[in-house]
Amino acid sequence: MAKLSPLTLIFIAACLSRILQLTILSGLSKALPLFDTSPSLLLSSPPPALRWDAIHFASVAYNGYEYEQQVAFQPGWLAVMRLAGEGVRFIRAASVVELKDVILGGTIVANVAFVAATLVLYKLTKHIFNPTFAFLTSLLYLLPPTATPSAPYTEPIYSLLTFSGIYLLSIKRQMVLAGLCFAGATTIRSTGIFNSITLMCFAVFGDAHIFDLDPKDYCKIRKKLKPFLSAILVVAPFFMFQHYTETVFCTRELKRASTARPWCSNSPPVSYGFVQKLYWNVGPFEYWTVSQLPNFALAMPILFFSLAGVVKFFSHLVSSSQVLNHGTEEIPPPPILFELYSVHVLTMALLLFTSHTQITLRVCLGDPVVWWNAVKLGFDNVQIGEAPTGQVKVNKFGRYWIGWTVVWGAVAAVLWAGHYPPA
C-alpha cells in the first residue's frame, strides 16, 4: 500500500474535521432551544449555520444593503454568498433564489475554503520552516477554538486569500497575483488592508533583512513607485466601498433636507469608524470595562502565545543581525517573517485595544503567525531549517494549547448551536 503524503493526510484530516463539526452542530441545534431567536426572524426553522453575524451576512447577501449598520461588513463575502446561492438555485432547478439557498451556498463555500486554506498554510509553512513544522501547524489549525469554519462566515475565505497571497509573494514571487489575493481579502474583511504592509515591504526589501539595509537604501525607497502602487492595490477595495456608502447615504437630497448621516459631513466622508462605534461599540478602549473581563479571558491564551512568540521572534531577529559582532553562526529568520510578524502585532493590538476582544478566537484563523507561535512554543526541537534536530516532543505549553482548543472548541460548538453568547 502506497504511503500517503503529508499533504494528502492534511487534506483527509481537514475534510473529516468539516464533516465532524457539521454533524455535531446539526445534532446540537436540534437538541438545544435557541437562547436568542434572532435567526427565526429570517427563517422559521433556521439551520445551525445561521447564527450571530451570519444573520447579517445572509440578509445583505439576499436583500442587499438596507440599513446603515450593515455597511460595517465588506461586500466581498456577501457577493460570494449570493453567487453560491444562485448556484444552489440552479442545481435544484428553481426559478428564483431563496434565502436558504444563500445560506447553504455560503456554508458550502466556507467549508471548502477552510480545507483549502489548511492546505495552502501547509505549503507556505513547509517552505518557510520545514515539513515537520508545517505538518504540526496544519494539525493545530484543524483544532480552532471556534465553530465559525462550519458557518457562512468571512474567516475561511479570508484565510484562504491571505495565505495564498503570502505564498504567491514569498515563494512564487508573483507580486501581481499576490496583490490580487490581498485585495480580495480586503473585500472580505477590512483588516485585509494590513496585507499592504506585507506587499509593500516585500517590494522594497525583497530577500534582504531589514537590519542589513544601508541608510542609502532608504533614500532610494522614496523614489520607487512600485511599493506604493502595490499598497494602493490592496487598500483600494476598502475605500471603494466607502465611496459606495457615501453615494447611498450622503445624497444631495438628503443633505438639502438635513437628514444625511453625521459622518457625511466629515472630510473625507468615511462611514466605517462611525458605524463601528455607534452600532457595534468598537473604538479605542470602548471594550475595556469590568463586565467584559470574561471575554478578555477567553482570548487570553491566544494573546499570551502571541506576546511570547513576538518577543521570541524579534529577539532572534536582533541577535541574528549581530552575528559578526558576537562571532556566532545563528541563522536569521526568512525576511518575509518580519513583515508577517509586524502585521501580526498590528492585528493583535487592534483586537486588544479597539475591538470585541473575544473575536480573536475566530480572527486568528486568518493569521498564520498565531499558529506558528503555537508550534514554536508548544513543541521542542522544532525550528527553521531542513529538519528537526532530535525528536519532536510536545511540551507543557503545547499540551495547554491543545487541551484548551479541544475543550473550548467543544464548548463553542454548544454555544453556537444554541445561539448563546459570546459571539
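Any Cβ shown, glycine's included, is placed from N, Cα and C.
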Labelled transmembrane segment by Swiss-Prot, one stretch among 67-87, 151-171. Can you tell me which?
151-171
Any contact between the transmembrane segment (102-122) and the transmembrane segment (333-353), i.e. 3 or more CB pairs below 8 Å with pairs at least 6 residues apart?
no
Do any residues, 6 or more residues outside the transmembrane segment (191-211), come within under 8 Å Cβ-to-Cβ of it, and if so which ones?
74, 158, 161-162, 165-166, 169-170, 175, 178-179, 182-185, 221, 224, 226-228, 230-231, 233-235, 237-238, 317-318, 321, 332, 335-336, 338-340, 342-343, 346-347, 350, 363, 366
